[in-house]
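Shown next, in C-alpha cells, is the structure this report addresses.
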Amino acid sequence: MKKIYIDDLISCTFLSFTIIIVILNVGMRYFFNSPIKSAEEIATICFIWSVFVGGASCYRKKMHMGIDILTQTLPKKFKNYVELLINIIVMLMNGAFFCLSLKFTIISRVKPTAVLGISSMYVNSSLIIGFGLIFIYSILEILKNIKTILGKKGDENV
C-alpha cells in the first residue's frame, strides 16, 4: 500500500477546493449573474495553503527545479558535498523563514480577513507549516548526505 503523506493530502485538498470554488463561482456568475460573495477570498486562502504546504511536499520528493550545471561538472565524490552544502543552506534559510512566519502569524491574529472576517492567523499558519516541514525535511536530507559521505569514505579505505 502506498504511503499517504500529510503534506500531500493537505496541498491536494486545498488545491481541489480552490478549483471547485473558482468553477462554482464562474458558473454562478455566468448562469445566475450572482457570484458567491466570499468565493474569491476562500479560493485565495485555499491556494495559499496549497502553495506553501505543496512546496514542502515538492522538497520532500526532490521535485524542485534546480540548476545542475555546477554538480554536473564536478567529480562524483564532490557532488555529495555540494548536495550537503545546499541542504544546509536550505535548512538555515527555512529555519529563519519558520521563525519569521511564527512572528508574522502571531502579529496577524488580530487582523481579520477582508470578506470573511476571520483571523488572518488561519491563512498565515500555512507559512509556519510549509517552512517548518521544509526545515524538517532538509534535516533528514542532511542526515542522508552525511551517511552517504561517511559510507563512501568507509568503502574507499577498504
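Cβ atoms are placed via backbone N, Cα and C, with glycine included.
According to TrEMBL:
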- 19-147: domain 'Tripartite ATP-independent periplasmic transporters DctQ component' (DOMAIN)
- 12-30: transmembrane segment (TRANSMEM)
- 42-60: transmembrane segment (TRANSMEM)
- 81-106: transmembrane segment (TRANSMEM)
- 126-143: transmembrane segment (TRANSMEM)
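For the domain 'Tripartite ATP-independent periplasmic transporters DctQ component' (19-147), the DSSP counts in helix, strand and coil order read 101 helix, 2 strand, 26 coil. Averaged across the domain 'Tripartite ATP-independent periplasmic transporters DctQ component' (19-147), pLDDT in this predicted model comes to 94.
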